[in-house]
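Here's the structure, in structure tokens; my notes come after.
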Amino acid sequence: PRGPLRPLCRPINATLAAZBZACPVCITFTTSICAGYCPSMVRVLPAALPPVPZPVCTYRZLRFASIRLPGCPPGVBPMVSFPVALSCHCGPCRLSSSBCGPGRAZPLACBRSPRPGL
């Protein structure tokens, strides 16, 4: 049997960016995020029932890690926390921990020139 054309929901490594308006440097770092295909059902006939939310690839288990932005002035917290995916599943989107919009062709990027971090 043929598998799906797109990889199923799983943790993958991704390079993200962290910056703060008050700090002069943007850092790029690598973490694991949830990404991939989630099977969904589409109603063939219009129904009187409300639409069923489509499942998204989201965190099942995660931990948080932190990095320090260099060069922040006194009084500005230089620490930035980010999620690290330990496992993923297809489920409802939780806006508290996930970006539920359409996938991006480009990763999140810095507004200023990035400096490699972790």
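The backbone N, Cα and C atoms fix where each Cβ goes, glycine too.
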Worksheet item: C57 forms a disulfide with which residue in Swiss-Prot, given the options C9, C110?
Response: C9
Discussion item. Say which of C23, C26 is recorded by Swiss-Prot as the disulfide partner for C110.
Written reply: C26
Response to the item:
Counting across all protein chains, other CB atoms within 10 angstroms of the CB of C26 (disulfide bond) number 18
Worksheet entry | Candidates N13, C72, C110 (recorded positions) - the one closest to C88 (disulfide bond) by CA | N13
Fill in: Cα within 10 Å of C90 (disulfide bond) - qualifying recorded positions among C9, N13, C23, C26, C57
C9, C57
Fill in: disulfide-bonded residues near C57 (disulfide bond), in sequence order, restricted to C23, C38, C110 and a 10 Å Cα cut-off
C38
